[in-house]
Amino acid sequence: MVHHFCSSFLLLFFLLPISASSFSHVYHEFDSESISGKEGRVTWRWLAEEAPTASNVTTLDNSSFVLAAQRTQRKDPLEGYNYYKGGWNISDQHYWASVAYTAFPLFTIAFIWFVIFGLGLFVFALYLCCCRRRKYSYSHFAYAVSLVLLIIFVCAAVVGCVVLYRGQAKFHKTTLSTLGYVMSQANLTVENLKNFSDSLGKAKAVGVDQIFLPSNVQSSIDNIETKLNASASSLEDKSANNNNSITKFLNGLQVSLILLAAVMLAFTFIGFLFSLCGMQFIVSVLIVVGWILVTVTFILCGVFLLFHNVLTDACVAMDEWVSRPHSHTALDDILPCVDVATANESMYRSREVTYQLVGIVNQVITNISNQNFPPAFGAPLYYNQSGPLIPPLCNPYNSDMSDRTCLINEATFDNSSTVWKEHECQTAIVNGNEICTTVGRITPSLYSQMIAATSISKGLYQYGPFLTQLEDCSFVRETFATISTKDCPGLDKYTRWIYIGLDLVSVAVMLSLIFWIIFVRERRHRNNNKEFLTRSSQAPHPL
């Protein structure tokens, strides 16, 4: 279940390009056979079969609810550019088409820039090759304006790189924090599964005065214990693998964005300096390189805008799902919540073992310890027990496994060790058996066995809330609620910083390339003019 939860959250979190067709037959379950002689399948499901699409999501049933409906109203190119109304639904290709359309302007700019500027470079290169006549006139205005604008664009590129660097640093920190929280929840669930399995195993072995759990209950414990251990190990391994994979992805993304910011910043400064120095050939090479870099950067802008929108949609969807957990939503088909029947079966077995163990303790107290057998009965019935009667242990469940209220004269899980200690006698070994030599109802060894059984019963009883969380998916709701309130605002802000930084750098470098050409051209003409004036001592020709 935990690895399904991690996968589901990461599916919300990391922009996996999943279409409706790829979700149409996804079904994964962990099967557990009968643990009491009747069929009781323990099923951990990740089911996205027949996921609702945009055309039917609003007509599923009266309790259906479209997640992030207002935020996801975007034009859908697959539906004639009508507005998509299916809400957040990563199993719907129309959702992906509509959210991808938000980045279409940036992809279009990248394409237009690549084509138009590429053609411009080609025409300019032909012009330089075919028209080599030196020009001696230049525009003072064009020269000055291009220089001022280049300085402005360099400053803009610096600001963009700073925003990009800060955004990626904050984003990396926040995502790692979110991942750490998810993994802590996963590890906690795995630990609870293992501890629950251990408690069941101990319950099978515990006995009081040679009275043990019935053989059919012990057999049931064997079956469920094996499956729980296998499940917990699988969940632990998959959680660790998910953690490693995502950490590597985040680290790689961080390095890529840092390198991009550094390259664009260095590229802008180098190009500006070489243009000031009049190194026309090097500037020409840089212009060609910059032409490609700007195209790639605009594409990255679009990708991060798409990433930002999907991430924000997911956060809104999580927040709305937490507030309406009982409505049918697109999240229902991918969340790893355990089936109600499964959780009921697990809770029933836990209650059954607890009820049986408490019954064994009370059976010994009622039928042996609180009886005054004559010496002729011998061990284990007679051990010279005497004194006030021992209070029985409160059984938290009735015979039908419903909750039961403790009576005043009953010992509880919390005070039983203290209460029963008052009835312990001192003993001596007579013919190999413990015999009380002082007033008391239980021997030290019997006391230890009763406390051991009580401790295991208490442990199983305390796992009730954990099993309830598996039943109603409250552990996922709590996780989503924490992520929605604590991490989503930062993730939304920092992804916006990243694509704004990319936009600013792209535009600044794009305009720098254009004005490099203008500035270098005017500078070359200016130098030609100075050479001409030096040779002829004449004034420069006006435009």
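In case you wondered, yes, glycine gets a Cβ from its N, Cα and C as well.
What TrEMBL annotates here:
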| type | residues | note |
| --- | --- | --- |
| SIGNAL | 1-20 | signal peptide |
| TRANSMEM | 104-129 | transmembrane segment |
| TRANSMEM | 141-165 | transmembrane segment |
| TRANSMEM | 253-274 | transmembrane segment |
| TRANSMEM | 281-307 | transmembrane segment |
| TRANSMEM | 497-520 | transmembrane segment |
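The transmembrane segment (281-307) shares more Cβ pairs under 8 Å with 497-520 than with any other stretch in the list 104-129, 141-165, 497-520. If one looks beyond the transmembrane segment (141-165) by at least 6 residues along the same chain, the residues whose Cβ comes under 8 Å of a Cβ in the stretch are 257-258, 260-262, 264-265, 268-269, 272, 275, 497-498, 500-509, 511-512, 515-516, 518-519, 522-523, 526.
Counting only same-chain residues 6+ beyond the ends of the transmembrane segment (104-129), those with a CB under 8 A from a CB of the stretch are 77, 287-288, 291, 294-295, 298-299, 301-302, 305, 503, 510, 513, 517. Within the chain carrying the transmembrane segment (497-520), a Cβ under 8 angstroms from the stretch's Cβ atoms is held by residues 106, 113, 117, 124, 142-143, 146-147, 149-150, 153-154, 156-157, 159-168, 170-171, 257, 261, 264, 267-268, 271-272, 275, 278, 280, 283, 286-287, 290-291, 293-294, 297-298, 300-301, 304-305, 307-308, all 6 or more beyond its ends.
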